[in-house]
Every structure is written in C-alpha cells, then in structure tokens.
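Features as listed in Swiss-Prot:
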DOMAIN    256-444  domain 'GATase cobBQ-type'
ACT_SITE  C337  active site, nucleophile
ACT_SITE  H436  active site
Amino acid sequence: MKKNLHPIMLAGTGSDVGKSVIAAALCRIFKQDGYRPAPFKAQNMALNSYATPEGLEIGRAQAVQAEAAGVPCHTDMNPLLLKPSSDHTSQVVLNGRPIGNRNAFEYFRKEGREELRQEVNAAFDRLAARYNPIVMEGAGSISEINLRDTDLVNMPMACYADADVILVADIDRGGVFASVYGSVMLQTPEDKKRIKGVIINKFRGDIRLFESGVKMMEDLCGIPVLGIIPYYRNIHIEEEDSVGLDYKRMQAVEGKINIAVVLLRHLSNFTDFNRLERDERVHLYYTNNTEDLAKADIILLPGSKSTLDDLYELRRNGVAQAVLRAHREGVTVMGICGGYQLMGLEIHDPEGVEGEIRQLPGLGLLPVITTMQGEKVTRQVNFHFLENAETCQGYEIHMGETRPVPGEAVVPLNKLEDGGEDGCFVNQKCMGSYIHGILDNQAFIDYLLEPYAEKLECHTVLDYRTYKEEQYDKLAEHVRSHLNLPLLYQIMSGND
C-alpha cells in the first residue's frame, strides 16, 4: 500500500507562469506511479468553466487536472469560482452554484471572508479524505502582501492544508531571479519555511547554460531547484484562460476549411473549439475583423459571460453586419450558448441579470427569443443531433431561457436522452445550441464540415478522447524527465 503523501501546492511568482499545466502533469505522474491524486484550487478566476457530473460548475482547469488524474471532477476541487462579467465585477460561484455578483472591493473586504474561508477549507477536507495526494494550485502571485489577510487560495490555504509549497517561475518572460527571490523574501518566516522547492518553467535553449544559475538561485533563496522544464510546442493541453488566444493565427489560409470564431470581448469556454483546431481538414482562427470574417467558410459565435454587452459591441463595430452578409453569401453560421442567444430575434434582460442593458435585437438568424434569468442551468447531457443515431456528449452552463417566437414551428437541433430538446435548426448552414462540447463529437464535426467536402482530400479521423489521454501522457513524460522526482517524493513524505 502506498504511503500517504503531504499535499503539494504549486504557487506562482505571477499569473500565467504554468501552474495549471504543471499541476495537470503531476496529477498524471502520481496516477502513473500508483497513487490516487486529485487537484484542488480554493479560488479560481476564469471564464472557462465546466459542469460536473452532478450538474454543478467548476473552473475548467480543475476539470482538466481531474481528467489527467483519472478521477471524476467535483466542486470540492474548486469550491470558489469567480467569473468576470465586467472589468470590475464577477459572478461568484460557491460550491458549484452562483451566489451573486460582487465588485472587487466588496469581494476582498474582510466582512464575510471567514465564511468563505470555512467553505473552501471544508471542501479541501472532504477531498483529502477521498484522495491522496492532493495537488493544490495557488492563484496569481504569492507576493501580493496587501491581500494577505483576505487571501483564501495561496499561503493561508497551504498553511491550513499543511501543504509543501513549490514555487513556479516563468523564465521566458525574464527577471526570473528577482521574481523568485522577491517572492520568497516577501513571505513571513513561517510561510518561507513552507516553500520546499522551485520549478523554473518555460526554459528555451540549452539547460546546461543555466547550471550556474541554479546554484546562484539555491544559494540566494536557500531552497532547492527541483527542475527546469523546457518550453514545448508539441504537447496540447487545454488552456485555462483566453491569454492563449493571443498566440493563435488570426487569418484565413488556402487549402483548408476556414472556420472563424468571432472574438467577443467577454468570450467564454473557448475550449469548445480545441477539438476543431486539431482536425487536419480545418484552419480555425479568432477574429473580430470584418474582412477576415468574409473569408471564412464557417463562422462560429462562441459563449459569452455578458451576451447583451457583446451584442451591443458587435452592432457597434460592424461585426454583426459582416456575419449577416457572410451568411447571405453562403457561409455557415453556428452559435453555442451565448452565441446561440445572439443569433435569435431578441434578447431580454428584465431583471438586469447581466447588467444595465434590458433588451436588444439579435442577429435575426434563428426564430427564437431569449430571456435572461437569475437561475443558472448547469448539467452534463447526452444527446442525438437531428436524426443522427450516435450518442453525443456535452454540458450546459447558462442563465437564459430561449423559446421559439410565438407561432413559429422551430426544429430543435438536439434531442436529449432525458426527453428534452435543445437548440434551433434552420438548415445545415444555420443553427444554434446551448451545449458546450458539441464540437468535441466527431459525428457532429463531420456534419458541420460536410458542405465543404469538395475542398478536402483524404484525412485521418481524430479520436479526441484518446488524443487527450496521449497528451496527458506526453506532458507527464516531459515534466518527469526534467524534474527531480525522487526529491519531490522525499519532500512530500516529510523527509525533507
């Protein structure tokens, strides 16, 4: 029987240093080594979310990490989720259910923090009773000392869990010595003792050239460097936030089916398109440029955390008109979740669920009307699209109800296995659905691409589930080969 290991927390010198991906790698490594790990992030801020099997909502990163660990995702893995709805306000999701909107000042003030702290601590305790080890993830930088008293996710959480903290730094952005040294030295003496190692991430070039740097860092900080993880391009793990979109190509190309995802200001769940990106028949790009939209074969309207605000902006910047013009010229238009709502005749928000805009006309491509509601629908679904016999899978996360225009006979796109219906189908080039993950299903992708078969040559069908498992294994191998794993196990066994 495997010896129980201490929890481990991957803390960061800043945001986007690679904590989430390294956490996924360690989840897979521990699984490979015979443990039963589970991920945990007390508080996550992200627009990318996922529905658990119980129909509750967590951050997508923890769902990915759970998949890497080979365990079902659960709200205890991410008890507190903040979903930004504007520059200053976020929807607060506690234990998988929304409890209201908060601006930054309201959220970070001390009043009410202890209740939230008790909730995230209880979630950790429940998780730790079922799994070992717990692979914890911090948020942003551990050096925001002005927020120390109200922090729920970094060093106070590590102290509660009695976790060994590993500091992750991104050498690719420069200043790695200052960021590591500063992060360590800004901690209290007690917290400083808890930091047991450093991982240098995203290294480019010959690692041997940094050997002297490792010794300097260890001498400066008094903490061992556990590994230098090289930058990679050939491993594909779902990203947590839309920062990765900055590195994706934004224009059409020759010789492929060009699929344009409309780049909304409040775009959410962009992981809906990861499977399409891996299809060798497809070139997928993100844009809000009207000329680039005109070059697409298929336009996808994605999910949005603020649908009415995005609709207002699409009308203001000319993208709405460009989508309608492209559709008249034979381009396929499909909407998912918020994008489905955008395609209807009208969107109403009588109670101000999203904000100050109470009503706007939609694009008018689908004979449906959406009314925003305070209660959120969150669930996993099995479904069949149109008359297709294959069972497909996906999940819903939305706060609106979409109904046919009175007097209109609407054809649903999907029939759910529980007897319900979803979406609206006009023809093969005009449709919408609430189901995230619909484009992870090969049968639906083939149907979507079918009108453009003349552009295609022979291709290999991608089994996306197998592909993702292969990527987790590749990631684990990459991290394992550059990490002092025996020392990490020694630390987590309490023998450091």
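Cβ from N, Cα, C; glycine included.
Just so it is clear, the model here is predicted, and its values are computed rather than measured.
According to DSSP, C337 (active site, nucleophile) sits in a coil region rather than a helix or strand. For the residue listed as 'active site, nucleophile', applying a Cβ distance below 8 Å and a minimum sequence separation of six or more within one chain yields S268, N269, P302, G303, S304, E396, I397, H398, S433, Y434, I435, H436.
Over all protein chains present, the Cβ of H436 (active site) has 27 other Cβ atoms lying within 10 Å.
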